[in-house]
Amino acid sequence: MLLELARWLQQLESLFGLFNYLTFRGILAALTALFLSLWMGPAVIRKLAQFKGGQPIRQDGPQTHFSKAGTPTMGGSLILLTVTLSVLLWGDLRNRYVWLVLAVMICFGAIGWYDDWIKIVKRDPNGLKSRWKYLLQSIFGLAAGLFLYYTADVPAAITFYIPMFKSIALPLAGVSFVVIAYFWIVGFSNAVNLTDGLDGLAIMPTVLVACALGVFAYASGNVVFAEYLKIPLIPGAGELIIICSAIAGAGLGFLWFNTYPAMVFMGDIGALSLGAVLGTIAVIVRQEMVLVIMGGVFVIETLSVMIQVVSFKLTGKRVFRMAPIHHHFELKGWPEPRVIVRFWIISVVLVLIGLATLKVR
């Protein structure tokens with residue numbers, strides 16, 4: 001929105017040419033989302049607190065979590081609102097990738113909102129039935145994959161790349177591309193949701209991964225950097241740095257209220273949508289495998305649930321004291337802040353490894 005105004009004003013004053021730089025608008029997007037979150041946060045939390053009862057607490061969970069009863073949930077609505085406003089202000093609204101990612105965020109956020117609504121109104125900790133949740137996620141995930149496939153304007157946009165082996169490029173047919181896109185979008189949507197079980201645990205890795213994906217998006221959309229780093233050149237992908245920056249700013253603003261002990265929980269409205277956005281951006285910039293590395297905390301949390309379920313069904317025994325794995329460490333006696341910060345540290349390391357793949361050939 002403001003980019004179009006700046007382009008017109010540039011004819012009168014060259015200073016407005018700054019808005020043509022992605023990095024400049026990315027910084028403004030992050031700051032806008034951050035300050036909007038800090039400004040709107042208290043009012044949003046008060047409004048959410050009017051839903052009496054707050055987030056239901058699992059009866060089989062750690063005993064320390066019962067003190068969280070009544071804490072407002074659906075705080076992810078603050079993230080979605082500030083990200084959307086920031087992107088509409090600073091993004092190039094002629095870019096199809098911007099609209100796709102916003103659409104994915106809103107659609108998955110709607111699923112999460114309904115899930116949270118059931119938990120709060122009906123006092124059902126399980127929320128929306130899994131089959132309906134996965135059905136809706138599948139519809140939106142497949143729709144995003146189909147859109148990306150049929151709007152691809154360069155072969156690189158539908159080619160599978162393996163980090164550190166940049167000479168290996170696997171062209172994807174329609175079905176295989178859409179299936180991969182589906183699994184990454186829906187998979188990371190649920191992975192972030194599983195991780196969101198402790199105060200601030202999910203949002204900080206999300207911020208870190210979003211920042212790193214912003215670097216990949218910027219490089220992928222730049223002819224010089226893409227050629228130098230030997231990564232796929234995806235015209236228009238650079239604009240995604242605006243969305244990544246907005247997520248980083250909104251996430252830090254939300255963390256201000258979500259840090260231990262949390263004043264508000266993100267809820268499924270935030271976790272499902274943010275995970276889907278990370279997966280979508282990774283698919284667009286053709287860095288699916290790098291996302292698996294950088295989002296390793298989300299992957300580990302998901303694998304712990306899968307291992308727990310399979311082990312119990314096959315042997316009747318549980319591998320972990322409780323899944324996802326962050327609850328396992330809680331039940332081992334780790335204080336909640338220790339679990340959170342250590343998972344953050346792991347996330348920092350994994351993101352740095354992911355960024356290092358830019359130079360490894």
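Cβ atoms are placed via backbone N, Cα and C, with glycine included.
Noted in Swiss-Prot for the protein shown:
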TRANSMEM  25-45  transmembrane segment
TRANSMEM  73-93  transmembrane segment
TRANSMEM  98-118  transmembrane segment
TRANSMEM  139-159  transmembrane segment
TRANSMEM  168-188  transmembrane segment
TRANSMEM  200-220  transmembrane segment
TRANSMEM  237-257  transmembrane segment
TRANSMEM  264-284  transmembrane segment
TRANSMEM  290-310  transmembrane segment
TRANSMEM  339-359  transmembrane segment
>> Which residues of the chain, 6 or more past the ends of the transmembrane segment (73-93), have a CB below 8 A from one of its CBs?
In response: 1-4, 25-26, 28-30, 32-33, 36-37, 40-41, 44-45, 48, 51, 54-55, 99, 102, 105-106, 109, 112-113, 116, 119-120, 239, 242-243, 246-247, 249-251, 253-254, 257-258, 264-271, 273-274
> Which of 25-45, 139-159, 168-188, 264-284 shares the most C-beta pairs under 8 angstroms with the transmembrane segment (98-118)?
Replying inline: 264-284
> What stretch, picked from 200-220, 264-284, 290-310, has the most CB pairs under 8 A with the transmembrane segment (168-188)?
Replying inline: 264-284
> Who are the chain neighbours of the transmembrane segment (264-284) in space, where the CB to CB distance is under 8 Å and they lie at least 6 residues beyond its ends?
Replying inline: 41, 44-45, 48, 54-55, 71-80, 97, 100-101, 104-109, 111-113, 115-116, 127, 137, 140-141, 144-145, 148, 157, 180-181, 184-193, 195-196, 202-203, 206, 209-210, 213, 217, 234, 237, 240, 243-244, 247, 251, 254, 257-258, 290-291, 295, 298
> Which residues, given as numbers and ranges, are at least 6 beyond the ends of the transmembrane segment (290-310) yet have a Cβ under 8 Å from it?
Replying inline: 163, 184, 187-188, 190-192, 194-195, 202, 205, 208-209, 212-213, 216, 275, 278-279, 282, 318-320, 323-326, 328, 343, 346-347, 350-351, 353-355, 357
> For the transmembrane segment (200-220), what are the same-chain contacts with Cβ under 8 Å, counting residues 6+ beyond its ends?
Replying inline: 22-23, 26, 192, 226, 229, 231-234, 237-241, 244-245, 247-248, 251-252, 254-255, 258-260, 262, 266, 270-271, 274-275, 277-278, 281-282, 284-287, 290-291, 294-295, 297-298, 326, 339-340, 343-344, 347-348, 351, 354-355, 358
